Amino acid sequence: MANKREFPLDKTRNIGIMAHIDAGKTTTTERILYYTGKIHKIGETHEGDSQMDWMEEEKERGITITSAATTAQWKDYRINIIDTPGHVDFTIEVERSLRVLDGAVTVLDAQAGVEPQTENVWRQAETYGVPRIVFVNKMDKIGADFDKSVKSLHERLNANAQAVQMPIGSADTFEGVIDLINMVADVYDEDKLGSKWDTIPVPDEYKEEALKRRNELIEAVADVDDGIMDKYLGGEEISNDELKAAIRKATLNLEFFPVYAGSAFKNKGVQMMLDGVVDYLPSPLDVKPYVAHDPKTGDEVELMADDKKPFAALAFKIATDPFVGRLTFIRVYTGSLQSGSYVLNASKNSRERVGRLLQMHANSRTEISEVFSGDIAGAIGLKNTTTGDSLTDPAHPLILESLQVPDPVIQVSVEPKSKADRDKMDVALQKLTEEDPTFRAETNPETGQTLISGMGELHLDIMVERMKREFNVEATIGEPQVAYRETFTKEAKAQGKFVRQSGGKGQYGDVWIEFTPNEEGKGYEFEDAIVGGVVPREFIPSVDQGLQEAMKNGVLAGYPLIDVKAKLYDGSYHEVDSSEAAFKVAASLALRNAASKAGAVILEPIMKVQVTTPEEYLGDVMGSITARRGSMEGMEDRAGAKVINSFVPLSEMFGYATTLRSSTQGRGTFTMVFDHYSPTPKSIQADIIKKRGGEDAE
């Protein structure tokens, strides 16, 4: 007998908490769990005791790495929270959680406003069409500036963000907030850990400013809502309910972003922000239908949240749990699923049995017998399912689009210390690459050396740490290497001819290919322009395949060749001696022959680097960036410090943390985000080729 769902769909919220590292995201999540009754003692990230940060590495580093899914209850709503990491090395976790969320809370540091990683996650949320509210946190800190933070949303993100509250005081005097919709003040009692506050009329000294700001709020809503605009221009009274309904509609349409103020650490303002989550963020019924594909016909199928429809869910995270083993986090889009039943993994076309279903709460769990549309839960027993796989009713297979996985930019070699470590390391790498698609491991067949690659130094440090802690692998780690790429800068035509005719069956393949540079990020494209069968149909896929295989090893220094178009336009064949293998080799020869004419260059990853430093060290810091081949993009003031925005090649950033610490006496900080690939200067290209024993394409 099927269970009934506990919370109706319109009372369900699936939200993520997104932020730059150190904006106070984990503390904010903690407080949500505390006030919604899930935690009895508050944990602080900087003391290494937070409910959400449940992996050992996170406890040590005080940063959130794995998006733990947690269920909480606020008033009569269920809120599922996906805790997303704020560190740039873990953007796959953020992308992954944005895929399964319906709405998000963006947390800003009131001193800093919008920071580089805020820009990153904001852009990702735009890509996935996720409505957001903003929580300006750390209002208790010296230098906190609510208005400047709101302004940074306009200036740096071009967002129509407007305060729905104004803070009462700031830094030491921050004591609560004024609600600009209902025009009341919520003032906190210092002694009651934020669980008690008084709602009072707006104090006289704030009345004039509050009315001015309420008017600004109405004007901002009127810009995106015709009904409010008509009333506003006509001088009619706008009721609180009308204003809230208009804000909800505009927020769901991504035209408006309500902004709240508070201090999670000092337990102020979190409950009002939770009211914002239920008032303005979408339920699964409010979001656009999720588009899936029928694997048989390729037709698009729209998935509406409905328990009666066939089951369809996305596996968005695999975790290795110390208590239950392999845990698959799923988001149910439609239908329902009982524990013990079978599902079809439509991505791999294999049947899997769901043993148990768990509702997750940071690192504790409750077993449940059934999940419904809109739910987020952990499933045990799915052996072959990996991140991004579609799980569906066996009678109704559907493919939900998979996640876009960025390529790694950095790699290091790992050498196990003993034969026993080698075996353990193989198991560890298999599990870790399953969990995280941006982490790759490969063994060089010639040298036997294992290389791991990822999104940054911190990313790889943490993976090595996990191998040691979870799998007892002792290994030596090499120097970090940059993931260079190669590309063509000019058009070139080249012949590739492979002939072996010495008794017996020979080999014959002959092709003419035109290579042209492709747009950045477009990758490799193949065009078949053969007329009159000069290269027979059956050999054309081999030419394409031969090119792709040859491109993996590049033409200059063995790095993958990217962003190139290849047009096969002529060639010849031999009735007897031509084969798929011969045409594969011919294609690779054409690529090699084109290299010198096509202006082959080595590309290097360029990082967007933001350095924050006290003014007295500014000269040293700027000098150091220039010395690292950096280009300045601009500078701004922030809370008594200078913030330098620049672009620097990744190869020049190794060891920068130590340099910055010593040149600013530990007071400077920096963040870096991969931005684009760019050709290396000639002298550096020559060095790279020399080191790799490649050939110069002069």
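Each Cβ is built from the backbone N, Cα and C atoms, and glycine gets one as well.
Per Swiss-Prot, the feature domain 'tr-type G' maps to 10-285.
In the three-state DSSP reading, Met139 (GTP binding site) counts as coil. Sequence annotations record features per position, and here Swiss-Prot assigns GTP binding site to 19-26, 83-87, 137-140.
Its Cβ taken as reference, Asp22 (GTP binding site) is surrounded by 20 other Cβ atoms within 10 Å in the chains shown. Mean pLDDT for the domain 'tr-type G' (10-285) in the predicted structure: 84. In this view, Ala19 (GTP binding site) is surrounded by 29 other Cβ atoms within 10 Å of its Cβ, with every protein chain counted.
DSSP assigns Lys25 (GTP binding site) to a helical segment in the three-state reduction.
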